[in-house]
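Reviewing the structure listed below.
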């Protein structure tokens, strides 16, 4: 008989003294950097109503939230995402405060196993920042620079910050009226850079040639930034797409001027599964580690859903993955 | 330059992949199909292949233990791995089908489906609003309906000979299958030049082969 009293459930783990110490040292460095950049640390509840996440457009999959039943029968979930509760907190508590608010957090996130081979797949730590009330390039550059500095701060020498533009694809698809399922199929094929099947799927769509051309080109828009920006400009079918590209170009230019060129790459085929992102999005990769250790971007319409219209951008560092990647580098 | 690690699933796709790589000028002189070695290197081109069990290829690539993998679309669909699926290699062609005895009515009741691919089977039936019970088997799936273990099977079929010899018929076709080249997302981003050059060379060879044998 298996003694459940002696084992821990799948996807969670004990942190022994050594590992805890390593994790603490890493987090302290990151927290200090956040503080030096005037981000104030906050905390949201460990569980909240299911409705907060389920009624929100484009949040995490319902199956992946860990649910509890409250005494009155309402459904609660363990915090499945850091950004949405913070957006709620800002909308309800900072409506009448100064428009620019800078917050940071270090917190546990809970999700159902998406990856049975990852030891910390159901409870993991994220550290991140959210910058509210600041639109435009300046804020995007500030947040991406901080993401780069965070990785440098903890001793990662080689890494890639891959920058995309969520709105470029959205602006392309906006005039196209397709059933949800077909859209989802196309998005998946673009995200997987599955050129062969994408060509086949687009072939049958009732859309104009320039749209087909653009859809087929989007997944190839990655790598050398100059070429990517130029090609993206060429396939833009409307002014909104052109505006997004100009903006991306400017952000990229500023980051290069700050001396970050060697860390940067562009990918316009980056369509994040959390589709509350509205504009510049980015992911941080470390060579030899299979998953992104940083996810971030602009999410200008999220607080509006809580009745407070403000601009916002931020990122989260997957602390446990970062530790693993650092360990692999040695 | 660093080595690009390519995971190959032992079995039907290895020899075809090796000869495709040879066309690209990548040669593993030590390799022959009887060899028991699991790692082969081409130091001139900085390419290393590792031979793993076919169903493990998506795991190796998703985790970054290999940068690139060659795997059948069937295995890839079943694993649901989060990787770039960049090239259709055009060999290993077959299809996913639902097969059973000729007189079976697939719409009568809750079906019991035997398969090596439980995720693919569930997804196919559930998408159409049909519920099924899955029995996961690891081989000789055709046997299941014959001995009353299941109503039908979901499996890959190349020529249909095995089905025919066991008195089964294709009842529904799910989707076509072929070998795919998959790429780890981080490798593609952090080692773009090297990986992309490899992919472009490979695609050029495949296009050339397609023109020659359409």
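The chain as shown is numbered from 1 upward.
Keep in mind that glycine also has a Cβ here, set from the backbone N, Cα and C atoms.
Just so you know, TrEMBL annotations never went through curation; they're auto-generated.
What you are looking at is a predicted structure, and each value in this text was computed from that prediction instead of being measured.
Residues or ranges marked as L-histidine binding site by TrEMBL: A:81, A:82, A:83, A:111, A:126, A:130, A:276, A:277. According to TrEMBL, the domain 'Class II Histidinyl-tRNA synthetase (HisRS)-like catalytic core' annotation covers A:11-322.
Less than 8 angstroms from the CB of residue A:126 (L-histidine binding site) sit A:82, A:105, A:106, A:107, A:108, A:109, A:316, A:317, A:318, A:319, each of them six or more residues away in the same chain. Among the binding-site residues A:276, A:277, the residue whose Cβ has the fewest other Cβ atoms within 10 Å is A:276.
As a whole-number mean, the pLDDT of the domain 'Class II Histidinyl-tRNA synthetase (HisRS)-like catalytic core' (A:11-322) in this prediction is 91. For the recorded site, residue A:83 (L-histidine binding site), the DSSP three-state label reads helix.
Within 10 Å of the C-beta of residue A:83 (L-histidine binding site) we count 24 further C-beta atoms, all protein chains included. Just so you know, the Cβ of residue A:81 (L-histidine binding site) picks up 22 other Cβ atoms within 10 Å once every protein chain is counted.
Taken over all pairs of the listed L-histidine-binding residues (A:81, A:82, A:83, A:111, A:126, A:130, A:276, A:277), the Cα spread reaches a maximum of 21 Å, rounded to the nearest whole number.
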